[in-house]
(Lines of atoms letter the chains of each structure in order from A; the text may use other names.)
(Lines give C-alpha, C1' and ligand atoms only; values in the text may rest on other atoms or scores of the structure.)
Protein backbone atom coordinates (compact mmCIF):
# COMPACT_ATOMS: atom_id res chain seq x y z
CA UNK A 1 0.00 0.00 0.00
CA UNK A 2 1.30 3.49 -0.84
CA UNK A 3 2.18 5.93 1.92
CA UNK A 4 2.24 9.68 2.53
CA UNK A 5 5.59 11.39 3.02
CA UNK A 6 5.01 11.24 6.80
CA UNK A 7 4.76 7.44 6.64
CA UNK A 8 0.99 7.19 7.15
CA UNK A 9 -0.60 4.79 4.72
CA UNK A 10 -3.38 5.76 2.32
CA UNK A 11 -7.06 4.78 2.45
CA UNK A 12 -7.98 1.52 4.09
CA UNK A 13 -5.59 1.77 7.02
CA UNK A 14 -8.13 3.20 9.45
CA UNK A 15 -6.18 2.17 12.54
CA UNK A 16 -3.01 4.23 12.03
CA UNK A 17 -2.61 7.49 13.96
CA UNK A 18 -3.91 10.43 11.97
CA UNK A 19 -6.12 8.32 9.71
CA UNK A 20 -9.89 8.43 9.57
CA UNK A 21 -12.09 5.91 11.35
CA UNK A 22 -14.55 3.59 9.64
CA UNK A 23 -17.39 5.80 10.91
CA UNK A 24 -15.77 8.91 9.43
CA UNK A 25 -15.21 7.12 6.12
CA UNK A 26 -18.85 5.94 6.06
CA UNK A 27 -20.00 9.53 6.65
CA UNK A 28 -17.72 10.77 3.88
CA UNK A 29 -19.08 8.11 1.52
CA UNK A 30 -22.71 9.03 2.23
CA UNK A 31 -21.84 12.67 1.50
CA UNK A 32 -20.32 11.68 -1.83
CA UNK A 33 -23.50 9.78 -2.73
CA UNK A 34 -25.67 12.80 -1.94
CA UNK A 35 -23.47 15.18 -3.90
CA UNK A 36 -23.61 12.88 -6.89
CA UNK A 37 -27.35 12.34 -6.59
CA UNK A 38 -28.28 15.99 -6.29
CA UNK A 39 -25.95 17.45 -8.87
CA UNK A 40 -26.47 14.66 -11.40
CA UNK A 41 -30.27 14.78 -11.35
CA UNK A 42 -31.17 18.40 -10.49
CA UNK A 43 -32.68 19.92 -13.59
CA UNK A 44 -34.03 16.64 -14.97
CA UNK A 45 -37.44 17.15 -16.60
CA UNK A 46 -40.11 15.56 -14.38
CA UNK A 47 -43.89 15.34 -14.29
CA UNK A 48 -46.29 13.54 -11.96
CA UNK A 49 -46.57 10.86 -14.66
CA UNK A 50 -42.80 10.28 -14.86
CA UNK A 51 -42.04 10.64 -11.14
CA UNK A 52 -42.02 6.90 -10.37
CA UNK A 53 -39.63 5.98 -13.15
CA UNK A 54 -37.31 8.84 -12.21
CA UNK A 55 -37.31 7.67 -8.57
CA UNK A 56 -36.22 4.20 -9.64
CA UNK A 57 -33.58 5.51 -12.05
CA UNK A 58 -32.01 7.70 -9.36
CA UNK A 59 -32.08 4.89 -6.78
CA UNK A 60 -30.50 2.36 -9.11
CA UNK A 61 -27.85 4.78 -10.38
CA UNK A 62 -26.66 5.80 -6.91
CA UNK A 63 -26.79 2.21 -5.58
CA UNK A 64 -24.14 1.34 -8.19
CA UNK A 65 -21.57 3.32 -6.22
CA UNK A 66 -19.18 1.62 -3.79
CA UNK A 67 -20.42 1.02 -0.23
CA UNK A 68 -23.98 2.15 -1.05
CA UNK A 69 -26.50 -0.42 0.19
CA UNK A 70 -29.82 1.42 -0.14
CA UNK A 71 -31.26 4.57 -1.69
CA UNK A 72 -34.87 5.64 -1.33
CA UNK A 73 -36.13 8.53 -3.45
CA UNK A 74 -39.62 9.96 -3.07
CA UNK A 75 -40.50 12.47 -5.80
CA UNK A 76 -43.28 14.54 -4.27
CA UNK A 77 -46.03 14.28 -6.86
CA UNK A 78 -48.41 16.63 -5.02
CA UNK A 79 -45.72 19.32 -5.04
CA UNK A 80 -45.17 18.72 -8.77
CA UNK A 81 -48.90 19.04 -9.44
CA UNK A 82 -49.05 22.28 -7.45
CA UNK A 83 -46.07 23.65 -9.39
CA UNK A 84 -47.70 22.78 -12.71
CA UNK A 85 -51.21 23.95 -11.77
CA UNK A 86 -52.16 26.72 -14.18
CA UNK A 87 -49.00 26.25 -16.25
CA UNK A 88 -49.01 25.49 -19.95
CA UNK A 89 -46.08 23.11 -19.39
CA UNK A 90 -46.62 19.44 -18.59
CA UNK A 91 -43.34 19.08 -16.70
CA UNK A 92 -40.94 21.03 -14.52
CA UNK A 93 -37.30 20.68 -13.49
CA UNK A 94 -36.39 18.41 -10.59
CA UNK A 95 -35.07 20.31 -7.58
CA UNK A 96 -34.67 19.49 -3.91
CA UNK A 97 -38.11 20.85 -3.11
CA UNK A 98 -39.66 18.05 -5.16
CA UNK A 99 -37.95 15.10 -3.49
CA UNK A 100 -37.13 13.44 -0.20
CA UNK A 101 -34.17 11.07 -0.19
CA UNK A 102 -32.54 8.58 2.17
CA UNK A 103 -29.12 7.05 1.48
CA UNK A 104 -27.56 4.17 3.45
CA UNK A 105 -23.85 3.37 3.21
CA UNK A 106 -21.92 0.57 4.90
CA UNK A 107 -18.16 0.80 5.26
CA UNK A 108 -16.10 -1.79 7.18
CA UNK A 109 -19.03 -2.69 9.44
CA UNK A 110 -20.20 0.88 10.02
CA UNK A 111 -23.58 1.98 8.69
CA UNK A 112 -24.29 5.65 7.93
CA UNK A 113 -27.78 6.92 7.12
CA UNK A 114 -28.45 10.38 5.70
CA UNK A 115 -31.59 12.14 4.50
CA UNK A 116 -32.41 15.11 2.35
CA UNK A 117 -35.48 17.14 3.20
CA UNK A 118 -36.45 20.75 2.75
CA UNK A 119 -35.59 23.11 5.58
CA UNK A 120 -37.36 26.31 4.71
CA UNK A 121 -36.50 26.82 1.06
CA UNK A 122 -33.23 24.86 1.17
CA UNK A 123 -32.76 21.12 0.45
CA UNK A 124 -30.76 20.11 3.54
CA UNK A 125 -28.79 16.87 3.52
CA UNK A 126 -28.35 15.61 7.05
CA UNK A 127 -26.62 12.67 8.70
CA UNK A 128 -29.27 10.94 10.84
CA UNK A 129 -27.54 7.81 12.13
CA UNK A 130 -24.12 6.19 12.36
CA UNK A 131 -23.80 2.75 13.94
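Just so it is clear, glycine is given a Cβ too, placed from its N, Cα and C backbone atoms.
Copied over from TrEMBL:
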DOMAIN    21-127  domain 'Dihydroneopterin aldolase MtpD C-terminal'
BINDING   29, 125  substrate binding site
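Counting only same-chain residues at least 6 apart in sequence, those with a Cβ under 8 Å from the Cβ of residue 125 (substrate binding site) are 31, 34, 38, 114, 115, 116. The Cβ of residue 29 (substrate binding site) lies under 8 Å from the Cβ of 66, 67, 68, 105, 107, 112, each of which sits 6+ residues away along the same chain. Here the domain 'Dihydroneopterin aldolase MtpD C-terminal' (21-127) is broken down by DSSP into helix, strand and coil counts: 44 helix, 37 strand, 26 coil.
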